[in-house]
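This report refers to the structure that appears directly beneath it.
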Amino acid sequence: MESLPAKGPAHPVATSNGTCSNHQPSDLRSSVSVRGTQAPARSGGLKLGSRRGMEFEGRPFAKIVKGDNGYVLEDVPHLTDYIADLPTYPNPLQDNPAYSVVKQYFVNLDDTVAQKIVVHKSSPRGTHLRRAGPRQKVYFESDEVRACIVTCGGLCPGLNTVIREIVCGLSHMYGVTRILGIEGGYRGFYARNTISLTPKYVNDIHKRGGTVLGTSRGGHVTSKIVDSIHDRGINQVYIIGGDGTQKGASVIFEEAQKRGLKVSVVGIPKTIDNDIAVIDKSFGFDTAVEEAQRAINAAHVESESAENGIGVVKLMGRNSGFIAMYATLASRDVDCCLIPESPFYLEGPGGLFEFIEKRLKENGHAVLVVAEGAGQEFIAEQSTDMKDASGNKLLLDIGLWLSQKIKEHFAKKPKMVINLKYIDPTYMIRAVPSNASDNVYCTLLAHSAIHGAMAGYTGFTVGPVNGRHSYIPFYRVTESQNKVVITDRMWARLLSSTNQPSFLSHEDVEDAREEPHPTEDMMNCTDGILA
Ligand SMILES: Nc1ncnc2c1ncn2[C@@H]1O[C@H](COP(=O)(O)OP(=O)(O)O)[C@@H](O)[C@H]1O
Ligand SMILES: O=P(O)(O)OC[C@H]1O[C@](O)(COP(=O)(O)O)[C@@H](O)[C@@H]1O
Ligand SMILES: [Mg+2]
C-alpha cells in the first residue's frame, strides 16, 4: 500500500528483472482522505499533480490513506509526490553477503505498524504508520548520493553512535562514499566548513560522549540552509535533534519540496528527556536513567551518613519527568520524586515538609529527586521570561530553591538539625557515551533512516512504535510532547514504591482523569516504555 504519488497514477518503475511494475502496490489503494473528504485513490481527487503537497486537518503534506474497518495510514511524503518520472534501481543490499541470507530481508511495501495495539474485538483498526526498513527498489544510485549529517539542540548520550552508524550504514550497505558532517548545528550549513565523514573517521566515536560534529541552539535560517544543501549538491539530509530540531527539519523539507529538489530530509529524534511523542522511547534515555543512579546513590550515602541527612538530586526533564520517574523506580532509595506533571506543595498537612519530617523521624534520612521543570510555578516571581537561542524558556534552578526552602523550614525547628546536600548531575549525565542498549538502539535508528532515504521517502522522522521501527510524518512528533501521565499505572507504581504523598485532592484526581488522555489514539503512554 505505497501511498499516492503526486503525478496521477503510479509511475512505472524498472524492476531488477527488467520488467515494469507500479511504484504503488495493488491493494489498499482504497481511499485517501484530504481535509476530511474521501476520494478514490486513483481518481485524481487529491490533485495529485500539485507541487504544493497535500493537506489534512490543517497539516500540510499529510498523506492519509484509509482502508477497511477504520484502518488509517498516516503516510510520509515521497520524492515522487513532487518529482515526476524518477528512475528506480535494485537495492544493492540484495547482493550483500551479510544481508542476502536473511529470509524476507526486504520490507513488504504494504507493511504498516499499528499505533494502538491494545484493542477490543469491536475496535476500529485505527491509525498506522509506515514500517521502516529496506525496500527492494531504491531511488538513488550509490554514487549519486551526497549525504550530510547535522546534530542540533542539547547533548544526549548516543549522538556519536547515530553519526557513526549513518556513515557506516550508508557506506557498507549502500556503497555511498560522499558523506559530509555539518558542524555546530543548523547554522553550520551556512556559517561553517563541512567535514568529510568516512567509516575510518567515525570508527570509535561511539565510545565518546557529546557529538563530534558539535551542536548549537538557534541559527535556523531556512532559506540559507536550503541554499547550502542545493549549492553543495546534497541529496540526503540526516538531522539529529529534539522537538525543536524536528520542527526545523520539517520546514527544510517543505522548502526543498517547494523548490522541487530531489533531496530526502530525514529526522532522527534525540531527546534525553524522552519527551518526543509517538515513539516508544528516545535514545540516550536509558543511559541517562542508569547514570542518574550514581547521583542518587551519592545522595543516599551522604544522607545516611549524617544525622537527619537529606539528599536532593536534580535530574533533567524540562517538561516531562520521565528520567526522574524511572531513576526513582530503578533506585528504590528515593523517598520522594517531584516532576513537572504532578503539582506539589510544601507547607501544611499532606505537604512536602510534613512528609520529609516524618521520614527523618522514621529513618533518620531522606532522598529527594526533583526534575528540573518541577515546581517552576513556585519560583515564577523570580522568572524573567528569558529564553535560549532556540526560544526555549530558561528554567530557574528548582533544586537549589527547594534545598533553600527545606533549610529555612527546619531552621525554625531547633530540635531537628538537618544536614542537606544538593547534587546537580545534569551535565555529567548527558555528557557520557551511550550504554550498550542505547548503542544498539542508535544503530537501528540510523539504519531505518538510511533505508527510508534510499527508498525515496522524505519529510519523516524514524523511531520504534510498539517495538517496530516506523516512518513518522514530522507533524506527528512536533505537535505534542510526550509526558508522564499521572493517572497511568507507572506513576501509581512510583507512588506505591516511595509511598510519598500524591499531593492531589480528590478534585485534582477527577480533573486529571477527565483530561484528554494522551495514550488515546496517537500518543504512547507512560507505560509505553515498559508496558
Ligand atoms: N519552530 C522552529 N522552526 C525552525 N527551527 C526551529 C524551531 N524550533 C527550534 N528550531 C531550531 O532547532 C534547533 C534545536 O532546537 P532546540 O529547541 O534547541 O533543541 P531540540 O531540538 O533538542 O529541542 C535550533 O537550531 C533551533 O533554532
Ligand atoms: O543548558 P542547555 O544546553 O541549554 O541544556 C539544558 C536542557 O537540555 C536538556 O538536557 C534537553 O535538551 P533538548 O531540549 O535539546 O533535548 C534539558 O533537560 C535541559 O533543560
Ligand atoms: Mg526541545
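Just so it is clear, glycine is given a Cβ too, placed from its N, Cα and C backbone atoms.
Caution: TrEMBL annotation is automatic and unverified by curators.
TrEMBL lists T271, I272, D273, M316, G317, R318, Y427, M428, I429, R430 as binding substrate, and of E372, E377, E507 the one it places in that same site is E372. Binding of ATP is annotated in TrEMBL for R217, G218, G242, D243, G244, T245; the matching candidate from G154, G158, G309, G311 at the same site is G154. Counting only same-chain residues six or more apart in sequence, the Cβ atoms lying under 8 angstroms from the Cβ of G242 (ATP binding site) belong to C152, G153, G154, P269, K270, T271, D273, D275, I276. Cα of R217 (ATP binding site) to Cα of R430 (substrate binding site): a span of 16 Å. Not one of the binding-site residues D273, G317, E372, M428, R430 places a Cβ under 6 Å from an atom of ligand 1. For M428 (substrate binding site), the same-chain residues lying six or more positions away in sequence with a CB closer than 8 A to its CB are E291, A295. Closeness to ligand 2 is met by G154, G242, these being the binding-site residues among G154, G242, D243, T245, M428 whose Cβ falls under 6 Å from the molecule.
Among the residues T271, I272, D273, M316, G317, R318, E372, Y427, M428, I429, R430 said to bind substrate, no two Cα atoms are farther apart than 17 Å. In this structure the alpha carbons, written CA, of G218 (ATP binding site) and E372 (substrate binding site) are 22 Å apart. Within 10 Å of the C-beta of D273 (substrate binding site) there are 30 other C-beta atoms, taking all protein chains into account.
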